[in-house]
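Below is one structure, written out as structure tokens; comments come after it.
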Amino acid sequence: MTLKIAFFTLILLVSIERVYSSDEEYRLLKDLREGYDPVERPVADHRKPVNVKLRLILQQLVDVDERNQVITLVVWNQYTWNDYKLRWSPEEYGNITTLQIPHGTLWKPDILLFNSANEHFDASFPVHMVVSSNGDVLFAPPGIVSFSCSLSMTWFPYDQQVCYLKFGSWTYGKKLDLQIDDSDLPDGHKMDLQYYIPNGEFDLLATPAFRKSTTFLDETYVELYFHMHLKRRTMYYGLNWIVPSILISLSNILGFTMPPECGEKITLQITNFLSVMVFLAMVSEVAPPTSESIPIIAAFFSLSIVILGLSICASLIIVNIFFRHPKTHRMGDWTRYVFLEWLPWFLLMSRPEHTFCRPRREEEKNDEEAGGDGTKLLENQQHQPRPRLLVNSQLVMDSTVPYLEEIIGYLKVFKAKLDDDEEEEEEILNWRFMAMVIDRLSLFLFTGLIFGTTALIFAFCPNLFTDSPIVDIE
């Protein structure tokens, strides 16, 4: 047991000895610190600027908050510059070529992200600086940065966004020459993407960058703009938003294939109406409340809601017409011509054979003429001279004429009632057939509206089949 303790103690002492710097490194650090001031700019001639290169290493696109117009990234800001006071000859210091010096002990540029949306503005982690023997200083602080971006939601979810990160010195003007470090980077990219983790919602198409000089209070400042061209992946929204909405609209169309008197189709259409309202509410949760434009998917859902609302109104009208009665509603001549003759022909509808009744006035006139002839016939027979042998028959006839006239009257009333019933039944069938015609017309009309509006909206979407940017980044 004692031997084990001694062995681990020896290993610990060796490790501690290795952690401590050597005499050469200690002497080198002492010589470099002598006469060094971290406030002083690292230039021999104060009239010349400090050349600082910035290389933006993008690791991950964490979040795109459309509602708050904020994008969150994990980046490494790699700054490089040369400090003439930090040069040494490696042969004089045990072949030491690099040093790791804590943050805050050397001069560093006051470069910030101007459009930062972080709570503390600068979210970079203070790491050590790496100094080479030729005076080159490497400072690469990692950080989770959030920056504001004006996101255009017009073509959501088939949208493309172009956002930028604006870097620049906060106080140094012409005294700091800020450059883009794009060495060994592919065309179209000014960000280093060798450690980039692809995002599940957006594709990163390009990362151009530009250098721009601005003047503020008679001082010229250099600013770097790193753009990000993002294209949204639409499979999620297509499968979970658009396809269900289209299926709901199609099921609403199928409601017009049900019998006109069926009230369940109104229940189906109201359910579909409320379902699309839920999808529209989901869009409102994503889009910013002060959006300058309406997202295309919101327009699609809004048009679907309008079409569904109109289909509900059409179904109510169809049911109302189907149950109309001739005693309460009279069909006009133009209505009869349009909905019973012209539209059925136009919609290729065939009506089973039916018997049309003659106008009532002609029937009554014929009945009156028929009734009058019968009465006159009886009267003529009553007053016509008859042979003597038929005297008894004449007496019988005279006694039965009133009864026959009463029977004829009852027959005329019964026939008129049958004619009225037939005419009423025919009128009821006309109203029902008119409801069927409007139902068929609604089927064709709303089918065309749904497919037409869907094709029209997505046909005008400029980013559906192209990767071209929607914002000019020059």
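Quick reminder: no glycine exception, Cβ is built from N, Cα and C everywhere.
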Do Val145 and Asp439 end up on the same side of the membrane (judging by the domain labels in Swiss-Prot)?
no
According to Swiss-Prot, which residue among Cys149, Cys262 is joined to Cys163 by a disulfide bond?
Cys149
Hey, which bits of the same chain come close to the transmembrane segment (441-461), Cβ under 8 Å, at least six residues off its ends?
155, 158, 246, 249-250, 252-253, 256-257, 296, 299-300, 303-304, 307, 310-311, 314-315, 318, 343, 347
Could you list the residues of the same chain, at least six apart in sequence, whose Cβ is under 8 A from the Cβ of Cys149 (disulfide bond)?
Gln69, Val70, Ile71, Asn115, Gln161, Cys163, Tyr164
Indicate whether Asn95 (N-linked glycosylation site) is helix, strand or coil by DSSP.
coil
Relative to the Cβ position of Cys163 (disulfide bond), how many further Cβ atoms are located within 10 Å?
21
With every protein chain in view, how many other Cβ atoms are within 10 Å of the Cβ of Asn95 (N-linked glycosylation site)?
10
What same-chain residues lie close to the transmembrane segment (303-323): Cβ under 8 Å, and 6 or more beyond its ends?
245, 248-249, 252-253, 255-256, 260-261, 263, 265-266, 269-270, 272-273, 276-277, 280, 431-432, 434-435, 438-439, 442, 446, 449-450, 453, 457
